[in-house]
């Protein structure tokens, strides 16, 4: 028989154990796994039910879409900035409302996504004082936006603070002065914010890569990198910092939208016609002081005038006709189309350069370079725009070796185009490379498959003489731009 004291000890221990168990919340359950790595004792349906918010139907988001369900228990994770917590990952420390840049307006604490306001304050962001010592005039003055409009006509003023109109409870109108209206971002057809392809900030859509439009409703057929490349100006700036790039095309910020062409234009917004006016006036056509032509924001002065805006007269004993004739020489164009004629003398482009020279700019050593800038293929020297090839090499750019280590069969296989025709039927094959017919000067390309007549012309010259025609497209030399390389973007003329 046990002593009475021992029985009393057992009774006391039993009562303490019972009291402890009764204090455990009803939601508490012992481990649902028999050991680490063991199978879950719950069925999949029961496990997911415990991870789903009350009232949600089967198939609804588990753990509020912010975590994973592990045997009826939510393990929260981060898919956006902030920290998720709570039994069902329902809380987010960054989800509380802000006012004037401060969470809970600095008058409360963030508790599971909701502001718990300090005494004397109320509102979703604890922004409204319960007692107001301001006059109505003072209150309204504090509620005016930069245009002196009370709450941007999108809310009402309460003690110097705007309460935005959100009768439907979606919170799309917000801001210190109710200046942001995200309803502007709703696509009329899909009724989604930014068409479901972007995010809305203060009424403006910021589209995901590959989408564009006011409401991200259009999809690009090129990659973002290709789009940026097409919009990059020669100086390396996207749309010359004068426009926005939309799917590989620049939309220039033109200050005069009434014009047919506009003051700011060009494929990459590189041209600003305002630079040609002595005093800018959007209603005036007085370009280059009336003594020249505006070419992509730079004045091309008439004979007898000079200066950045052609504002200075230049005395010249020659008439305009005599001056041009002297600059022409044997060429069809003054200064061979590669320079500027002033009083019978040529200034070759680019100014200060050494590759274009001669009395009438007839020598252009750039013609000795390939697309990579290699002079005469590295196998010759350039003399007045023509390659003088070294021993063992020939061709316009000294690109063909006279000796060949290939068999005729190997050579022909390298000269066949995709359709199996040798040099597209417009040239001969030498050592695996096509030599295009000299009789048809306009035939070019690796397989003689290009027609240089497709390149744009200006003043009757292909690529204006300021670039290389590469399979129908002008590859402009440094300082030049435009479809026909007709726009000079380099330094000022001397």
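Glycine residues also receive a Cβ, built from the backbone N, Cα and C atoms like all the rest.
Features as listed in TrEMBL:
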DOMAIN    46-90  domain 'Integrin beta epidermal growth factor-like'
DOMAIN    96-126  domain 'Epidermal growth factor-like'
DOMAIN    139-179  domain 'Integrin beta epidermal growth factor-like'
DOMAIN    185-216  domain 'Epidermal growth factor-like'
DOMAIN    285-310  domain 'Epidermal growth factor-like'
DOMAIN    368-398  domain 'Epidermal growth factor-like'
DOMAIN    455-485  domain 'Epidermal growth factor-like'
SIGNAL    1-23  signal peptide
For the domain 'Epidermal growth factor-like' (455-485), out of 46-90, 96-126, 368-398, most C-beta pairs under 8 A are with 368-398
So what's near the domain 'Epidermal growth factor-like' (96-126) in sequence-distant terms, Cβ-Cβ under 8 Å and 6+ beyond its ends? 86, 90, 161, 163, 176
By DSSP assignment, list the helix, strand and coil residue numbers for the domain 'Integrin beta epidermal growth factor-like' (139-179), in that order. 7 helix, 12 strand, 22 coil
Limited to the domain 'Epidermal growth factor-like' (455-485), I'd like the whole-number average of pLDDT. 82
